[in-house]
Amino acid sequence: MAEVVHTPRVFSGIQPSGGLTLGNYLGALKRFGETQDRGDMPTIYCIVDMHAITVWQDPEKLNRATRELTAGFIASGIDPTKSILFNQSAVPGHAQLGWIFNCVARLGWMQRMTQFKDKAGKNSENVSLGLFAYPALMAADILVYHATHVPVGEDQKQHVELTRDIAIKFNNDYGVDFFPVPEPVIEGAATRVMSLRDGTKKMSKSDPSDMSRINLTDDADAIAKKIKKAKTDPEPLPETLEGLDGRPEARNLVNIYAALSGKTAAEVVAEYAGQPFGSFKPALADLAVDRLSPISTEMSRLMQDPAEIDRILAHGAEQANAIAEPIVRRAYQIVGMVGA
Ligand code: ATP
Ligand code: MG
């Protein structure tokens, strides 16, 4: 069969499962804006509310978190006239294709997902079936737009690889070349920002400890306090990058500084070589405040007009649906559903 060449298209999403963190900004949002501004591929960005409810969410808080996340996208540089920006539940194709993919993905594949193991912990009998099936819905999020490039943080690599497996298996099972096999795009100095309390755990918006993360809505005092209290070791900054080996907390702060300043980690280490964290941390706090405060100010301004946010989301959903609907219909026809 001749290889179908798929038009390049970017898709990525963020869950409204809490407030945005510095990890979400550096690993995702900042790069979403840069990808949009390069302008070489259409960009589709989604607030994935259906993923958020795989863990119970207070309905009112979910409403607010969805609007606040939309504000966070816009404040971080996603322009709804250049990118399609919408919430997942407003486009039925995600759930429709998600079901087909539940029937394509194998139980064994899902059991290997490390995020599920991390999130379910010792409680795996009691978590929702949705949390387990989450990666099949994520595959639908991407493939319902025939997206080819998926900018994500390092933690989502395994899920994008599963999406590739699902696309390949669907194409093989039905003898078609219908779905593209998308690439994860994981770039930059901070593709895995770690918790400020534990350098072996990633920073997450759903972590119970607020001190573990910097929120995009934190004020200058909170940012300075969290960085000052961030766990480090007693050694000063090393002379070279290799000197960060075995020092996850130190490496994390260097990576954050690099990503925020647009320098490489090697440049940051060269600049602060031999200095104690007592002088590096205030410099990092100043830099973080400088980069994040315009975003948080813009987020609060946008949040004053929730009706406008809802209009933006509704318009984005219409645009997204126009792409998704014919792809879902064709997938249903391929599978053999009458009436599709
Ligand atoms: P949750 O704890 O609810 O899973 P989260 O902070 O992990 O929330 P997600 O909505 O799951 O956020 O992920 C959104 C995007 O942010 C993904 O592309 C993910 O890879 C990226 N991301 C999340 N945490 C980090 C991090 N610590 N460093 C870099 N990127 C991250
Ligand atoms: Mg996550």
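Using N, Cα and C of the backbone, Cβ positions are placed for all residues, glycine too.
Noted in TrEMBL for the protein shown:
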type	residues	note
BINDING	Gln15, Pro16, Ser17, Gly23, Asn24, Gly153, Glu154, Asp155, Val193, Lys202, Met203, Ser204, Lys205, Ser206	ATP binding site
BINDING	Asp141	L-tryptophan binding site
MOTIF	16-24	motif ''HIGH' region'
MOTIF	202-206	motif ''KMSKS' region'
Task: Largest separation between Cα atoms (Å) of residues that the record links to ATP, namely Gln15, Pro16, Ser17, Gly23, Asn24, Gly153, Glu154, Asp155, Val193, Lys202, Met203, Ser204, Lys205, Ser206 - done: 19
Task: Under 8 Å by Cβ from Gln15 (ATP binding site), same chain, sequence gap 6 or more - done: Ile47, Val48, Asp49, His51, Ala52, Lys205
Open item on the list: Around the C-beta of Glu154 (ATP binding site), how many further C-beta atoms are within 10 angstroms, looking at every protein chain?
Closed with: 14
- [ ] Only counting partners 6 or more residues apart, tell me which same-chain residues put their Cβ under 8 Å from the Cβ of Asn24 (ATP binding site).
- [x] Ile14, Gly72, Gly153, Lys205, Leu216
Task: For Met203 (ATP binding site), the number of other Cβ atoms found within 10 Å of its own Cβ - done: 26
TODO: Could you measure between Val193 (ATP binding site) and Asp141 (L-tryptophan binding site) for me? Cα positions, answer in whole angstrom.
DONE: 24
Open item on the list: Using Cβ atoms only, which residues of the same chain lie under 8 Å from Ser17 (ATP binding site) while being at least 6 residues apart in sequence?
Closed with: His51, Ala52, Val55, Gln57, Ala65, Lys205, Ser206
